[in-house]
Amino acid sequence: MVRINKLAKDLGFKSSFLIGKCQEYGFVNIKHHANSLTDEQVDLLRSKLVKGVELAVSSKVDKVSTKDGDGDSVKVKPDETTLEIRRRIPPWKQRAREELIRGRWKEVTKVSVPKRPRKFDRRTKEQPKAKRHVPLKEKAGKATVELPASVKDVSRVLGVKAGDIISKLLMEHNVCATINQSLDSDVIEMMGLEYGVEIELRQAKDVEEEFLLEETVEKEEELKTRAPIVTFLGHVDHGKTSLLDSIRKTNIASFEAGGITQHIGAYRVETNGKSVVFLDTPGHEAFTSMRARGANVTDLVVLVVAADDGVMPQTEEAVNHARAAKVPIVVAINKVDKPEANVLRVKQQLASLDLNPEDWGGKVQMIETSVVSKEGLDALLDGLLLEAEILELKAAPNNLARGIVLEAQVHEGRGVIANLVVRDGTIRQGNIVLCGQTYGRVRVIYNDRGEEIKEAGPSSPIAISGLSTCPEAGDKFYVVKDIQKARDIALRRQRKIREVTLASRQHVTLDNLYKRIEEGHVKEIKIILKADFKGSVEVLKKSLEKLSTKEVRVRILHSGVGGITETDILLAHASDAIVIGFHVVAEDKAGMLAEESGVDIRLYKVIYNATNDVKAAMEGMLEPEEFEQTIGKVEVRRVFKVSKVGNIAGCYVKSGKIMRNSLIRMIRDNVVLYDGKIATLRIVKEDAKEVKAGFECGIKIAGYDDIKVGDVIEAYEVQLVARTLR
């Protein structure tokens, strides 16, 4: 099989001329230059086109020596006729070529064609030589394109004007593109085929990996033990910052507004000749957002649980966050000095989360601590050092430094101040630092006590000045040798972010799940499960986990009772998970956050429907779904008891509108209590078809009287939406 465009180049014809001849000879299926011909069709075309055309005739020349006294004379005698076919005929010679095809001249010794007029250059007063177009196949038969690639990048590789590519995409392939728009891999390969260039696609090599390969020392003798980096996680007001305050023997909590941590800090603590670095975070939200950027800054997690409160919802969430990050957990049971403290109950609650204490035969260290009596602080430090020895944390101080940004701010008088943690190597004053999309030369280095230092080694919490702009929390930083290289890389990263228009990665949804599985992007379906009762959670969890196959495993990242919160969406965004709610709804802020971050939320009333949807998504057989569109929310402000009628809800329409024929759901504390219809809708004593936001109304719910002040009535309509694999 031979393509039309390749055969046309071999014979020296245009593809359009060859297509016309194919139509003339009865090859009706040949309509495009990318169509292929069989060997029999190629032989027929060659015989018919070459038979009557002689593009050049060359005669063999016999040189005969005669002695006339002046030297040799040459006698030309035609011997054999040789046919030469030129691979390329310039456009201005097209007319002569067509006349040859018609057979006007049977024998041609020379074809003289007037030269093309050349433009006059006034500056040099010379006529420049016309640039001859070199066929792309001869110039570059193969080319490599790094993804993502814009039209401009492809035009540079192919040697074709970007405008020509844009026109071809629009006119021939119905693809609208701009010069800076990224193209799909299929489109790039198609354009290479159009212009006769074999394109090899590859992902752009991460420059950070290049630095690791260049600067990382692999010799075991040069690696030294580094201090562990520890993060405190736990429920609000369980004593995380106060515990860290006691360990540091300084007063941090008194500087925090309302006793709640407002920023991220890192501190080094010395004990028995060894060091431990602590991160004081505003909670697991910051821990998760940094992990979403690919920055797992911590080596160990200390889960702080108050002995009087026990395991709380945020405690369970913190455990799930730590497990998702694959970080070892050490439990600090705090406030054991209080009279109502119950350590045994806390251990039992933690054991239900698969955190079994060592004294019960488990593998999790659980240390009893008290900020007031200072009990257990030394034991906690010893336990962290023991875990660090098990992890065998090592670094090479002689390497160029690399690490992670904790936070950054613009300080008046000092410029950009970035708080960093050095993971490997040593950073010094005057070093050139590449950090995300920014770079700069280190002017000043401060340690965790605010003292100016000259250099900092592995596991050092520091602050530096000298960066051009503020980096993002979670960005990785590298010390490089060449400032020009750092500038080029920073600009390249900025350009790539502009190309993808800050679009976040496409999250896994039930609609695109099958496609992602086929492409090999998904080997594990991660689900966050929320329901109205604990029993419902357990049943639905088991039902979903039974759907696991050899190729794809269903994994429940987090499950709990209650409405869908912002924390659930943050975890789903960081872990690329699907959120499933059973008889619950999402909080308003959580819904907005999910829409912004592209997290898929699915709400169900029947377990069978939830399991069926996940199974159908895995098999690629999604049926059209019923989409519930919320049209209004109403707050119950008074309840009127009417004999022989029932309870009437005196309501205020907070948003949207409510109509008499609307479907409604009764919500109390983010849990759906009833789903049904409206029996009557009135304004004062008059029946109303609809009531808009800002007005009061009376509502009688059909077949339901359990109404309380503060309940929310949500009106919605059901729309049938066809599911498509995006």
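From the backbone N, Cα and C atoms, a Cβ is placed for every residue, glycine too.
What TrEMBL records for this protein:
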{"type": "BINDING", "residues": "234-241, 280-284, 334-337", "note": "GTP binding site"}
{"type": "DOMAIN", "residues": "225-392", "note": "domain 'Tr-type G'"}
{"type": "REGION", "residues": "228-376", "note": "region 'G-domain'"}
Provide the number of Cβ atoms within 10 Å of the Cβ of Asp237 (GTP binding site), excluding the reference atom itself.
13
Using a 10 Å cut-off on CB atoms, tell me which of the binding-site residues Gly234, Lys240, Val336 is the least crowded.
Val336
Looking only at the region 'G-domain' (228-376), report the model's average pLDDT.
79
